[in-house]
Amino acid sequence: MKIVVIGNGMVGYKFCEKIVEKTNNEGLELVVFGEEPLPAYDRVHLSEFFSGKSAADLGMAPLEWYASRNIKLHLGDPVQQIDRLHKTVLSYKGITEHYDYLVLATGSAAFVPPIPGIDKKGVFLYRTIEDLELMQAYAPQARKGTVIGGGLLGLEAAKALLDLGVKETHVVEFAPRLMPRQIDEQGSLILQSKLEKLGLKIHTSKNTSDILGEGAVTGLRFSDDTVLETDMLVISAGISPRDELAKLSGLETGHRGGIVVNEQLQTTDPSIYAIGECALYNGMIYGLVAPGYEMSEVAASHILGEQKSFTGFDMSTKLKLIGVDVASFGNPFVSPEQGSSIVLEDTMKGIYKRINISPDGQHLLGGILVGDAEAYNLLLQTCKNKVILPPNPEDILLGARNGNAAPGAGVTGLPDDAVICSCENVSKLAICQAVEAGNETLDAVKKCTKAGTCCGGCAPMVKDLITATMKAQGKYIRNVVCEHFAYSRQELLDLVKVKALRSFDEVLDHYGHGEGCEVCKPVVASILASLWNDMILHKGNDTAQDSNDRYLANIQKGGTYSVVPRVPGGEITPEKLIVIGQVAQKYNLYTKITGGQRIDLFGAHLSDLPLIWEELIAAGFESGHAYGKALRTVKSCVGSTWCRFGLHDSVSFAIQIEERYRGLRAPHKLKSAVSGCIRECAEAQSKDFGIIATEKGWNLYVCGNGGSKPQHAQLLAGDIDSETCIRYIDRFLMFYIKTADPLTRTATWLNKLEGGMDYLRNVVVNDSLGISAELEQEMQLLVDAYKCEWKEVVENPELRKRFSHFVNAPEEKDPTVKFETMRAQKKAAEWK
Amino acid sequence: MSTISTTDVTWFFACKTTDVPTNGGVCVKYKDEQIALFYFTRSDTWYATQNLCPHRRQMALSRGMTGTHAGEPKVACPFHKKTFSLKDGRCLTDEHECALTVYPVRIEDDRVYIGVNAY
């Protein structure tokens, strides 16, 4: 089957997408002719071209999209003739193509009113990217600009002039008010006063009779003989369907333009379809993108033998005009016989809301929102789905009052077949099912269902549905720390930083309530440590620490503690080994080599901890932070100093890194390793950050994890030198510390990070957020503030006092502690 | 060890108020018993319970983190984070867990007294 599509606008493109999807690209030959030199772009967001978006940003799909689907795309080559008898088309450049089915998606052109002088220099249309480029070139010489047309497109064009830096922008409307087709008089007045406050000059009831100027435009004369001076003029007074080719081919057209189609979008020639703004269905042109998409769907289905029909389309719409929300839905202008209206008008804030209610008060018929259209989606759905209104219908405008719960018409109240995304025709059920299948972010739902990918208007509603569905599944939605802090960890960290708070009490005073608990105390304590790196037992923060941090040791069965001195990179001298052995003997401790190349000493009584550390510190040891959500160890292989395969000195680099980040507290523990060659003896790819030597430098891997859910670390950057490697680690760790949820390891954090590894790489390596310098600075602050906390305890009698079992008998040890013997060492007595 | 007896409660001197960390606990030895004593600085209130966590029979509650749940004061055992009400000793996280014995606390000047049953 061979299909030729004439027109490569949004609707023509959507037709290609639908037909390719429906046929799996099999048995289909698709040829597209487009008049413009660019492939289809998003005309809805055209004014964003002036706020910095490029033509490519606005593009619906790149040229490769067409190529990879074997779509023959002729751009800048409009079709001139249709030979219906032989089923061929002839293009401007002389290409002849045969067709089985022909689809006209020729769209519309700007309607140009027949005003004398319309061909003067400085007069523009507002329709295509080319038009915008012409305006852009002319605007710098214009001080005053004027738009003819106070409808939707006219106001868009006015915004374009403002964005182009035209100082004084006027809008001229023939009707007595702005947007006469969408909103009522009061709504127009509110909109007008809001726009005037933003600097637009608006002239209504003005009929332009003449365009003044010698060669270039200098002003407009109106039928009342008044004159408006202007340096450039943009015509945006409506659209006129591009039906000239259809007329030429003998297809029926409407007397005011438009190609006549039936419910299947067939023209009077059954093998020729017309879709989008060129099609005239039931006497109506549909000048919005959503009905155009629906037409593509119906036409594509019908060509493939499916029975679908187009029976008109709801023209409800919501826009942001120059920063002002405007929406109208259903029937915005209900007459007194059809129903009654509830109106809310706030001239102070510039808000106008009107809802139209059926005579029996049961249903919403339509309405208008100006200045605040947040309720649009819900109202639209309430209207479309004939949801029964609450007994006081004004509640849906004003929200719940008198402490009552929100009225019943929330997202959950909508029926399953409610269409949430009307552009892509996605139902509530489809979205909820996608969420249930694990797509729990807006991006994931977009990918899975296409909802929200076109105009984006339904995005807030999709978000609400995601939240509601997850809640219904009993999932945790807002990530607040606990009942005492209504903030996520990230929010709390930012607040604590801004206010420079340094103790749990201060944080609780400022941002919490109650006394705190075992959940929020360690979170806040960790945030404070990650921001300032103060000694964690000062300022009353000792009792906010998790129990292990509070005693700077790991509690073990029976209530004794284990002690882990830092052994950077796993390198240790015989002298230090001997000291560890002597200390273990003296305090009767069980010794074991850990997985992180250190030695753990178990079975220490609380009151012995300061004594043990006094001896260890005297021998040159320092805390290993085995008790903290902090950097644990940087494991290393022996590297190039001994190993015949080693490329670099992995031990020296591991020591350098361990000493840089020692004591660094984070949302969870951090492990690292350095391998001297690709044999990876240090198992760096199972660490939060792991480094492997290459011929040219180091490969840096991040977000690996051992434990119960092993996950390989992923390459962040390859072949980098030591300095760059440390810079990237600084940024990576700080970014993790600042954004992760409590007790989230780097691997889980990455899995939840929107955009995943590519996003992380962009932030860390390409500095996409522009925060790299800040992250490095913050890390340097922590590195510079490092002190061995055990050294501080040993030297501080007040802190030492806390390390006793009985407050009223500090010299006595806990008499209930019992040990047993196994393989010539002690072990904790088994608990019950 | 100084004690003050009233009708059925014996008050014994535990420690000075300054011996107890703000918003934290200490373990007090009374004869052969261990009692956990907690001080809530914000509300200036004192609580005492047995030091033994009934879950794994560990002498650890005095080292636990204190806090509130819906306004009720509680302590979390350092071993497995079971939490217990400091008002009546019941376990807040596991209804099948045994409750703690709680003791009254009295402050006189800067001296802390804990009340135990008179034998």
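Just so you know, glycine gets a Cβ as well, placed from its N, Cα and C.
According to TrEMBL, the feature domain 'FAD/NAD(P)-binding' maps to A:1-283. Annotation comment: TrEMBL describes A:419-466 as domain 'BFD-like [2Fe-2S]-binding'. Residues or ranges marked as domain 'Nitrite/Sulfite reductase ferredoxin-like' in TrEMBL: A:556-618. According to TrEMBL, the feature domain 'Nitrite/sulphite reductase 4Fe-4S' maps to A:628-764. Per TrEMBL, [4Fe-4S] cluster binding site is recorded for A:Cys637, A:Cys643, A:Cys677, A:Cys681. The siroheme binding site annotation in TrEMBL covers A:Cys681.
Taking the features listed in TrEMBL, we show where each one sits on the structure.
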residue	record	Cβ neighbours (10 Å)
A:Cys637	[4Fe-4S] cluster binding site	27
A:Cys643	[4Fe-4S] cluster binding site	15
A:Cys677	[4Fe-4S] cluster binding site	20
A:Cys681	[4Fe-4S] cluster binding site	18
Selected stretch (most C-beta pairs under 8 A with the domain 'Nitrite/Sulfite reductase ferredoxin-like' (A:556-618)) from A:1-283, A:419-466, A:628-764: A:628-764
For the [4Fe-4S] cluster site built from A:Cys637, A:Cys643, A:Cys677, A:Cys681, further residues of that chain with CB within 8 A of the site's CB center: A:Val638, A:Gly639, A:Phe645, A:Gly646, A:Ser650, A:Ser675, A:Gly676, A:Arg679, A:Glu680, A:Ala682
For A:Cys677 ([4Fe-4S] cluster binding site), the three-state class that DSSP assigns: coil
Tally of residues which DSSP labels helix, strand or coil - the domain 'BFD-like [2Fe-2S]-binding' (A:419-466): 25 helix, 5 strand, 18 coil
Tally of DSSP helical, extended and coil residues in the domain 'Nitrite/sulphite reductase 4Fe-4S' (A:628-764): 52 helix, 33 strand, 52 coil
DSSP helix/strand/coil residue counts for the domain 'Nitrite/Sulfite reductase ferredoxin-like' (A:556-618): 32 helix, 14 strand, 17 coil
